There are 2 protein chains.
Amino acid sequence: MGELRRDPIVGRWVIVDTDHPIAPKDFQYEQYIQKGGVCPFCYGNESMTPPEIECFREQATAPNTPGWQVRVVANKFPALQIEGDLNRRPLGLYDMSNGVGAHEVVIESPYHAKDIPDLLPDEVENYIKMCGRRAIDLAKDKRFKYLMFFRNYGPSAGASLEHPHTQIVALPMVPKNVVEEISGAKSYFDYRERCIFCDMIRQEAQEQERIVLENKFFLSFCPFVSRFPFEVWIIPKQHSGYFCHMSNEEMRALAAILRETIAKVKNIFPNLSYNYIIHVAPINGDTDIEYYHWHIEFMPKLTQVAGFEWGTGFYIDPITPELAAKYLKS
Amino acid sequence: MGELRRDPIVGRWVIVDTDHPIAPKDFQYEQYIQKGGVCPFCYGNESMTPPEIECFREQATAPNTPGWQVRVVANKFPALQIEGDLNRRPLGLYDMSNGVGAHEVVIESPYHAKDIPDLLPDEVENYIKMCGRRAIDLAKDKRFKYLMFFRNYGPSAGASLEHPHTQIVALPMVPKNVVEEISGAKSYFDYRERCIFCDMIRQEAQEQERIVLENKFFLSFCPFVSRFPFEVWIIPKQHSGYFCHMSNEEMRALAAILRETIAKVKNIFPNLSYNYIIHVAPINGDTDIEYYHWHIEFMPKLTQVAGFEWGTGFYIDPITPELAAKYLKS
């Protein structure tokens, strides 16, 4: 019989197939093979993007020319726009507001064909450092209540451009999924006076069977209530609400574990598409970061979400996270 | 500037692109062309499925042989299994239980290549009648708290078999997404002493611009806070928590509007994959159906859900529902 598992943070149930575990070779996923062509994010094509917002570049090179390592530009087709006021207003029983926010793109490296595991450790560290700088800068705008960092890699993960990049959306309200996470974490904190993520780290460290990688500052593990096969979370061992407060040593450790974790998944599933999302506490509000713990949720695109998941919020995982972790470790 | 719209039931925000509305011809979606081959749901192959649970068939034909119009069988690879107890138990801070439930398949017609708009009105009515009968039967099992009816049509909607079919999952707990809907509808009811869906119908009927079709008993419309382009809801005008309580006349009206609505969407988007989900009130519990109103949510697979949606629960709709309704009506 399958097993039902309940996520202790948001109360989501997952049906885990414990009886007929699928082997990695049996996943049929869309292979991501790059097509190439003219790319606005490549070296030499800097004029094809909106102007740089921030950039790590060689001294004595001019903005919006080659010579850069990591480059941040506004999204050319932003979901939200930086000017204006929210102007929340009703329309009968509906509510609406203007689409105020920011939408930026972090071009992680000049290399069109290099995913994170293909970059040098220093290059990944630079990318992480830049994400932190953008978080600190965007949080200064008091209209923004949440900063969402996410990465779509490959067409089945929804990437429309091939050149690897991370998107940042600054939102004028705390999004629903985050509100749920915060509220679940708060309930636990109110009851036990401890961070639920810290307790999860303790339990994972004790049980060991879902851990993929570990270094001085970070843990990467297949969560007990994985929604997707080979889902992996990367979490700082030390309690912290925001990733932009990392020391240089912590950034180096995150770069290492992020690079190795993705490499391990892609070793099993070549040409994989995937998403990851950096979950952080809200900004410019009254969220007590005592009970929220930032982390990265990495979601490989090996299966498809269909009517059942849309309707229920339940997920069906065809492989136990324990077995997925075993494959990733070996 | 784009517009932010807030769903009054679950509080979900959607970013609607009001500035650069995309034309139907500009959607790039995966075309669903059937491949054919041996099909366990086709006439003559009845022995390839688990035995019939319920069936509309010609008199004097034996179960599990040809002669049927609508056939219900157990899912051969059920997500949940009918035998046993839930046995909820903790594992450290996690919770788990046995995978108890039911997982059935309604084979809507003997025709491999006929989607709902291709069936005769009577055939669609039979299919709806059968869904209602299964709902009434499954609700007798007091272990079940929710019945989810959903349909995945085409590979990008997650259908693994081509022959059109609807799935039923009976769940031992009310799923998260339904809990949210119920709780939103209850808040509104507590405040206004009216059903929010009934008020929505009133507002839609008044504004008219999002209505696609209407008959004596049903309305089909593009919801003000559509998550997906060309999303359509079909809702009974009369308040009711469960679709299995329909009269024959209502079933006929639902068959007609369902058939025509899907036909209208597929006229614009040939070979479209889509999902629809029947949202009903929970069963065997204490949900007051005064504030819940059953309906069908139809979701065409024209765009892809990516990191932003996964992380936030926000959606980005590239076309306003007002414009989508206009295309559907013309």
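Glycine is treated like the rest: Cβ placed from N, Cα and C.
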Inset, instruction - From the candidates B:His20, B:His103, B:His163, give the one listed by TrEMBL for the same Zn(2+) site as B:Cys39, B:Cys42, B:His112. - result: B:His163
Inset, instruction - Find, among the recorded positions listed as B:His112, B:His165, the one whose Cβ has the highest number of other Cβ atoms within 10 Å in the structure shown. - result: B:His165
Legend entry - Distance from B:His165 (active site, tele-UMP-histidine intermediate) back to B:His112 (Zn(2+) binding site), taken between C-alpha atoms, in Å: 10
Inset, instruction - For B:Cys39 (Zn(2+) binding site) and B:His165 (active site, tele-UMP-histidine intermediate), determine the Cα separation and express it in whole Å. - result: 12
Inset, instruction - Check each residue in the chain of B:His163 (Zn(2+) binding site) that is at least six apart in sequence and keep those whose C-beta is under 8 Å from its C-beta; list them in sequence order. - result: B:Cys39, B:Pro40, B:Phe41, B:Cys42, B:Ile107, B:His112
Legend entry - Zn(2+) site, defined by B:Cys39, B:Cys42, B:His112, B:His163: further same-chain residues with Cβ within 8 Å of the Cβ centre: B:Pro40, B:Phe41, B:Asn45, B:Tyr111, B:Leu161, B:Glu162
Inset, instruction - Ten-angstrom check, please: count other Cβ atoms within 10 Å of the Cβ of B:Cys42 (Zn(2+) binding site), all chains counted. - result: 16
Inset, instruction - Using all protein chains in view, find how many other C-beta atoms are within 10 Å of the C-beta of B:Cys39 (Zn(2+) binding site). - result: 16
